[in-house]
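One structure is given here, and the rest of the page talks about it.
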Amino acid sequence: MDVRRLKVNELREELQRRGLDTRGLKAELAERLQAALEAEEPDDERELDADDEPGRPGHINEEVETEGGSELEGTAQPPPPGLQPHAEPGGYSGPDGHYAMDNITRQNQFYDTQVIKQENESGYERRPLEMEQQQAYRPEMKTEMKQGAPTSFLPPEASQLKPDRQQFQSRKRPYEENRGRGYFEHREDRRGRSPQPPAEEDEDDFDDTLVAIDTYNCDLHFKVARDRSSGYPLTIEGFAYLWSGARASYGVRRGRVCFEMKINEEISVKHLPSTEPDPHVVRIGWSLDSCSTQLGEEPFSYGYGGTGKKSTNSRFENYGDKFAENDVIGCFADFECGNDVELSFTKNGKWMGIAFRIQKEALGGQALYPHVLVKNCAVEFNFGQRAEPYCSVLPGFTFIQHLPLSERIRGTVGPKSKAECEILMMVGLPAAGKTTWAIKHAASNPSKKYNILGTNAIMDKMRVMGLRRQRNYAGRWDVLIQQATQCLNRLIQIAARKKRNYILDQTNVYGSAQRRKMRPFEGFQRKAIVICPTDEDLKDRTIKRTDEEGKDVPDHAVLEMKANFTLPDVGDFLDEVLFIELQREEADKLVRQYNEEGRKAGPPPEKRFDNRGGGGFRGRGGGGGFQRYENRGPPGGNRGGFQNRGGGSGGGGNYRGGFNRSGGGGYSQNRWGNNNRDNNNSNNRGSYNRAPQQQPPPQQPPPPQPPPQQPPPPPSYSPARNPPGASTYNKNSNIPGSSANTSTPTVSSYSPPQPSYSQPPYNQGGYSQGYTAPPPPPPPPPAYNYGSYGGYNPAPYTPPPPPTAQTYPQPSYNQYQQYAQQWNQYYQNQGQWPPYYGNYDYGSYSGNTQGGTSTQ
């Protein structure tokens, strides 16, 4: 694909298909797409060179995904069979002499838009490709609320955006306390993202007899290297708040066994706030196969953390020394201590003492498995595959890899194919009981090892010292929930590639969201679990949840969910639909009631082509707006909007009219309104009607008449500006059906409060205010011809004498000369609109009528 030849729309389409940001100029879009294309190259082109120094850390390839995107994983090459010794005991190189992570594309970790560079004390290098991806990536929440990226998790440099973009981001959304996880789930469901095509996870021909990190018994956001002895967590966006755990594939229940773990890197997470406690920490230890990945936070899960504390069942106690990057922790399990099992640890070869004593009877003969829980750290294990250990081992202990296979207990093996996997999609309103049912169902089916995909499960992995982050969290709670929702969207995309069993714990009331979320899981056993309690039970559960967790979902969001609630049906994307409480018939009736309730309480449907305003200045916000399809703007808008500048037909009040093809307002038929530019019922200055009129051939004007011997007495001033009987401008045209051929003046009266533009009374057809116009210059050759438009036939006109009661000083000749210049300029300006004025012959104007002569 030649990125340079793609158009902007094509670039955005390609970026959207890959789940990348589609905002920016064409150059930025092209750079972003080029980076994504390079990231899709095979792994053998993206690995480190084989001549890397032994012991030097290689690249950590992290994935680059945006919301709605898919995980870009390459093809994993199987490691050579058997155990391969490393080049150096203290090195961090893989079996091939270099460290190549699990065919995963790089993860964007930074939000710095000026200097996108990771500071790495351990020497982890980043190639230009990663920098291009980091520069191309902009965190965003493209939602119906149009809410921008949160800034509280960004470094100060991230706010230094380009000026041309920053000026459009000055308006801030109001902060609402009641935006919890349910609200952001609802907002995501409203979004109409295109589903990503399902992708198969490449199979590895890994030797299953080796002790290694179990890719089935680890978190989805823990990335395992191809040699299965090292790994690291995702750290972009909200993932930096999450713990990420993994267990080994084999456990033990007898003997004296050990393994080692080394912290290779504390991954930079500059986007975390400075108030985040312990942004880099590792917890290492043992657990049962039935335990979750949250080491040390439940029974039979024992861990020793880098904060110098040991923990089990979320009880933390001081133990040993703190440890950090480049430290090596040895883990020892002694099953030969009578009726107890003793667990102890070493730091860099120094024994920390016995940490836990467990009764064998309590274990019930179950095996303990090596377990690690990390937060923004890359780690590597030594299960015995290395020729030499990192540090000295306590006497009498054996690496778990060196035990006979018969003495090792294999952990739970995952499904062999996607046909054996289940995806259960919860469907129900907030507080209906979806999470409660999911937890109970997973606990009652431990062999399936359900992965619950929900914001609540994400928040459980953000614990601090084993405690959930509550609303007294130092930062913005709604922003943290928003980050968790982003993580969930990414995990759903990753989950579609992994052969596991899942429970999708979200509302999923939108039919479009149901289809979109199930399509990537093609090949799974896709089932919908509908929880629809009675309306009374739902209200009680909502009150209880609000008391426990606070207001989670705004009322308007719940009403919108009710209005769009769609019960799923067995079809293309669902194999089975189960109703937990109300069954199908009762649920259908209740959902129809919810639909009606939501539609009545919700706002009216949005109209894409609507004119809502009337009366804005010069029509920028009034007179109908920028609408090509409807002319519903009420009269009164000043100048109207595009294609509707004339306002209502014949209505008064529109200033200067506009270009109205419908003929509304003034200047209709004969272009001047009802033959009188100052007519009461026409718009002041009217609107220009483009519609050509079928007119007879223009007639030759009669010869000019001699002026009257005596001018009329000067009129007097009146607040009405145009007093009754005052002479007004009348441009006559030979138009069938009009009164243009009669020279009867019409009276124009404007009240002072009306925002109209009236001028001192004068007759543009003949200045009859008591002066003799100078001889006009010869008119230029006509430059415009309206074709079928009727020509002007200014008939001789003698204005009637004004009322005697109206007297005011005689206007001077200079005033009339100034008016003449203004009108001449006015008609010259009309020539700047050839699309609207065609080839009309305006003639020249210099103290006389257009095409006629002045009279007195």
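Every residue, even glycine, has its Cβ placed from backbone N, Cα and C.
Some features that Swiss-Prot has for this protein:
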COMPBIAS  668-693  compositional bias 'Low complexity'
COMPBIAS  742-764  compositional bias 'Low complexity'
COMPBIAS  784-795  compositional bias 'Low complexity'
DOMAIN    3-37  domain 'SAP'
MOD_RES   Ser194  phosphoserine
MOD_RES   Thr209  phosphothreonine
MOD_RES   Ser512  phosphoserine
MOD_RES   Arg639  asymmetric dimethylarginine
MOD_RES   Arg645  asymmetric dimethylarginine
MOD_RES   Arg645  omega-N-methylarginine
MOD_RES   Arg656  omega-N-methylarginine
MOD_RES   Arg656  asymmetric dimethylarginine
MOD_RES   Arg661  omega-N-methylarginine
MOD_RES   Arg671  omega-N-methylarginine
MOD_RES   Ser718  phosphoserine
REGION    1-103  region 'Necessary for interaction with HRMT1L1'
REGION    456-594  region 'Necessary for interaction with BRD7 and transcriptional activation'
REGION    612-658  region '5 X 3 AA repeats of R-G-G'
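Note: the Cα of Ser512 (phosphoserine) and the Cα of Thr209 (phosphothreonine) are spaced 45 Å from each other. Taken together, the residues of the region 'Necessary for interaction with HRMT1L1' (1-103) have an average pLDDT of 56.
Across the domain 'SAP' (3-37), DSSP helix (H, G, I), strand (E, B) and coil residues number 25 helix, 0 strand, 10 coil. Taking a C-beta cut-off of under 8 angstroms and a sequence separation of 6 or more, the residue listed as 'phosphothreonine' has the following same-chain neighbours: Leu405. Neighbours of Ser512 (phosphoserine), defined as other CB atoms within 10 A of its CB across all chains, total 15. Under DSSP, residues within the region 'Necessary for interaction with BRD7 and transcriptional activation' (456-594) fall into helix, strand and coil as 71 helix, 15 strand, 53 coil.
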